[in-house]
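Novice: Pulled from TrEMBL, these are the listed features:
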BINDING   A:A78, A:G79, A:A80, A:G81, A:T82, A:G83, A:K84, A:T85  ATP binding site
COMPBIAS  A:736-746  compositional bias 'Gly residues'
DOMAIN    A:57-338  domain 'UvrD-like helicase ATP-binding'
DOMAIN    A:339-606  domain 'UvrD-like helicase C-terminal'
REGION    A:1-30  region 'Disordered'
REGION    A:726-763  region 'Disordered'
Amino acid sequence: MTASRPLADPRHSPNDDPFDIPFDLPAAPPRPGGIAARAAALARPDHAGQGRGVYLDGLNPEQRAAVEATDGPVLVLAGAGTGKTRVLTTRIAHILSLGLAWPSQILAVTFTNKAAREMKERIGAMVGEQVEGMPWLGTFHSIGVRMLRRHAELVGLRSGFTILDTDDQIRLLKQLLQADAIDEKRWPARLLANIIDGWKNRGLGPQQVPAGEGAAFANGRGQKLYAAYQARLKALNAVDFGDLLLESIRLLRENPDVLAEYHRRFRYILVDEYQDTNVAQYLWLRLLAAGSRNVCCVGDDDQSIYGWRGAEVDNILRFDSDFPGATVVRLERNYRSTGHILGAAAHLIAHNEGRLGKTLFSKGESGEKVTVTGAWDSQEEARAIGEEIEQLQRKDHALGQMAILVRASFQMREFEERFVTLGLNYRVIGGPRFYERAEIRDALAYLRVIASPTDDLAFERIVNVPKRGLGDAALRQIHDHARAAQLPLIEAARELAASEELKPKVRLTLRDLVGSFDRWRAQMTSLPQNELAEIVLDESGYTEMWQKDRSADAQGRLDNLKELVRSMETFENLIGFLEHISLVMDVDGGAGGDAVNIMTLHSAKGLEFDTVFLPGWEEGVFPNQRALDEQGRAGLEEERRLAYVGITRARRRAKVFFASNRRIHGLWQSAVPSRFLDELSEKDVEVTESRGGQGWGGGQSGRYGYGPSRFDEAQTFGSSYSTPGWQRAQNASRAGGAGASGGFSGGSFTDSRPSRFAASEKARGGGRLIEGELIARSSGPAARFAIGNRVFHQKFGYGEVVSVEGNKLTVQFDKAGEKKMVDSFVEAA
DNA sequence: ACCATTCACATTTTT
DNA sequence: TGTGAATGGT
């Protein structure tokens with residue numbers, strides 16, 4: 001009913017581009033004298049002729065070549081820090097200025113919303129408001145949605161289809177598994193979701209799944225389940241993320257007329273981070289690019305780090321054969337890092353085989369050498385890094401210009417603990433995203449039910465959240481009735497509540513709930529969506545549920561809800577908001593003060609810092625053992641690329657660390673320094689000792705005790721526990737492995753980090769997504785707490801002060817155990 | 001329907 | 001070790 005109403009797209013307002021209004025458009029290029037020509041005139045300096053705009057000034061010859069090669073396929077191999085985004089954005093400005101295409105005739109695809117935002121901003125800076133006329137600048141997925149909404153019926157959907165997130169996906173699959181009586185222990189829904197995702201990434205529909213693979217899940221039922229899942233999605237008028245591409249491809253393949261329309265439309269296609277594209281994205285691009293053939297892909301094979309989620313480095317390696325006659329431009333002049341950093345990184349990445357090969361160079365100074373520091377264990381590693389940070393801080397280096405890049409998030413904990421003790425400001429970037437938090441999804445589920453009453457998954461999610469006595473039994477009845485009567489869940493619930501079939505108590509609550517939804521829905525048109533949301537959260541008892549919750553992160557969750565409501569303001573209406581949120585579910589965090597950044601190497605891609613700390617360079621951790629076990633040589637190469645990405649994030653200082661002992665899953669394990677350490681060029685590296693730690697290696701032949709050519713023994717990657725390194729490490733651990741524990745350990749971290757989102761303006765600046773911010777304010781004058789005081793800590797929850805020394809407290813937390821910290825981290829409870 | 005205990009699990013993450 | 005999910009008891 002309501003759901004089939006086409007959705008307005010809140011992101012793009014109509015513009016004066018005459019071609020954007022009717023979708024059918026003439027093939028003729030814009031006439032000179034149009035907007036583009038005017039823009040060109042603006043971009044052109046008065047004294048220069050030949051249509052060369054000011055925007056070209058300051059580009060190096062290769063960059064300029066990449067910008068000016070407008071015709072035919074172009075591959076830009078852009079090494080780290082070589083001005084890739086600049087080329088991309090300038091190229092678009094160039095096309096517009098020359099009047100080669102209208103803004104709406106350019107398809108510019110990125111991977112993340114953030115990248116799309118940045119690109120839009122930078123283009124805007126060059127060409128002004130013309131950028132507003134670029135409706136086809138966005139992520140693969142958002143553009144996919146756009147196409148599907150226009151032609152939904154052609155792929156068996158109605159235009160108002162909903163987009164399921166991973167959570168919905170899994171719940172749906174669970175139902176299918178249950179219906180098929182498949183043991184969820186042996187065959188978890190999560191696994192099936194991943195498998196299906198994998199197929200979709202490779203552009204495979206249920207019918208195209210290779211027989212062997214389809215049989216791999218649940219004794220041969222994988223393929224059947226996939227088909228059932230797709231059927232269920234269609235019935236719900238829903239798609240998952242993978243479908244956005246897969247269905248777009250199907251749309252284009254099965255409807256030549258539609259494809260032809262897009263061919264006429266897209267005169268220029270640009271793709272960012274091409275090394276991260278998966279097969280589906282590649283197929284999609286190839287379909288669209290077959291029109292004008294003016295496709296320009298920018299990427300860096302050395303920075304392909306998402307193979308595990310379907311990215312095909314091959315796409316970039318094969319570009320030349322996919323698009324014969326392609327112009328290939330290499331950007332090798334690095335503007336970011338000093339010579340030593342570049343040298344070390346280049347030497348490392350040279351150990352990879354499957355690469356196109358680039359040699360970065362900089363004309364800048366060689367700067368400080370990359371340091372490699374060994375620590376006894378991970379605590380000392382954290383201590384050493386903390387000290388270095390404080391030293392830099394004393395020399396007036398901004399904390400925000402330092403980053404700790406870890407391989408896996410479990411490594412973060414050590415640093416957080418240390419920094420809390422030191423009173424060092426830090427922020428964790430990445431981690432669970434805003435929209436993944438339970439409270440946000442719950443809130444959204446309420447809104448989804450209001451906006452589209454047929455959204456069964458959303459209804460199911462919140463029938464009993466907060467607890468209102470509608471448990472499994474009640475839900476099953478609703479389900480049964482819904483199936484029998486062919487009704488959406490909420491309508492089934494309505495009928496049940498009116499009948500005598502339920503226990504009086506349940507019947508009343510259910511009637512209440514349905515009534516509430518009716519009431520809210522009636523208010524949808526009369527109230528601004530943010531006010532409505534507030535009312536809903538209030539009247540449903542959802543806010544109250546968290547207010548009553550005494551756990552450490554309850555406050556954070558309430559804050560998140562507030563932030564959600566606040567972020568709704570900028571949208572036209574509820575529908576517009578929901579449409580946006582299903583694809584762009586991130587929120588810009590404010591800058592949040594000066595703080596050290598802690599994040600994974602993956603989330604560091606694309607960023608840069610003056611100083612980069614790279615801890616945990618040990619075999620097994622980095623390169624990650626599992627990557628090695630599961631992916632073999634390919635896994636190792638991807639890990640190496642990850643290392644390369646890490647080092648090249650640094651502008652002036654890259655500081656690598658490893659620990660000889662590390663506690664993994666509670667057990668102390670001795671560790672062998674990472675083979676990647678050996679792969680850093682010696683001339684660019686300085687080996688230092690961690691203060692007080694005997695570190696590792698030192699004077700032996702081969703810097704860390706084993707030959708420089710461990711890489712040659714490629715066959716033994718899997719488990720190299722018999723290598724000399726391991727044996728020596730084991731001896732070392734026997735000599736002194738214990739005793740290093742001490743200090744504080746028992747800290748329990750909840751997975752969701754409480755966060756405070758500073759107020760932020762919509763899509764301003766390079767606003768970073770900052771999550772789980774935990775910033776210490778400078779501590780007040782005198783001791784603010786006394787022994788015995790009850791205090792509250794954002795991460796550890798409630799506790800009692802055990803001792804006070806100046807502004808340092810020891811607190812016994814109810815849940816997290818005893819911690820030492822600076823008093824500014826806690827507040828009176 | 002809710003709580004407590006037990007059990008398996010333990011990279012990387014976007015849309 | 002330590003957490004989240006699932007199961008079983010009240």
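If you go along the chain as it appears here, the first residue is 1 and each next one adds 1.
The backbone N, Cα and C atoms fix where each Cβ goes, and this holds for glycine too.
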Novice: Relative to the Cβ of A:A78 (ATP binding site), which residues of the same chain, six or more apart in sequence, are found under 8 Å away?
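Specialist: Listed in sequence order, they are A:K84, A:V87, A:V298, A:G299, A:D300, A:L331.
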Novice: When you average the Cβ positions of A:A78, A:G79, A:A80, A:G81, A:T82, A:G83, A:K84, A:T85 for the ATP site, which other residues in that chain have a Cβ within 8 Å of that mean position?
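Specialist: Nearby residues not in the site list: A:D300, A:L331, A:N334, A:Y335, A:R336.
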Novice: Provide the number of Cβ atoms within 10 Å of the Cβ of A:K84 (ATP binding site), excluding the reference atom itself.
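Specialist: There are 23 such Cβ atoms around A:K84 (ATP binding site).
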Novice: Count, for each of the binding-site residues A:G79, A:A80, A:T82, A:T85, the other C-beta atoms lying within 10 angstroms of its own C-beta, and report the residue with the smallest count.
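Specialist: Each of the binding-site residues A:G79, A:A80, A:T82, A:T85 was scored; lowest Cβ tally within 10 Å is A:T85.
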Novice: Between 0 and 100, where does the mean pLDDT of the domain 'UvrD-like helicase ATP-binding' (A:57-338) sit?
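Specialist: That stretch averages a pLDDT of 91.
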Novice: Within 10 Å of the Cβ of A:G81 (ATP binding site), how many other Cβ atoms can be counted across all chains shown?
Specialist: 21
Novice: Provide the three-state secondary structure of A:A80 (ATP binding site) computed with DSSP.
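Specialist: Going by the DSSP assignment, A:A80 (ATP binding site) belongs to neither helix nor strand, so it counts as coil.
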Novice: For a quick check of packing: other C-beta atoms within 10 Å of the C-beta of A:G83 (ATP binding site), how many?
Specialist: 21
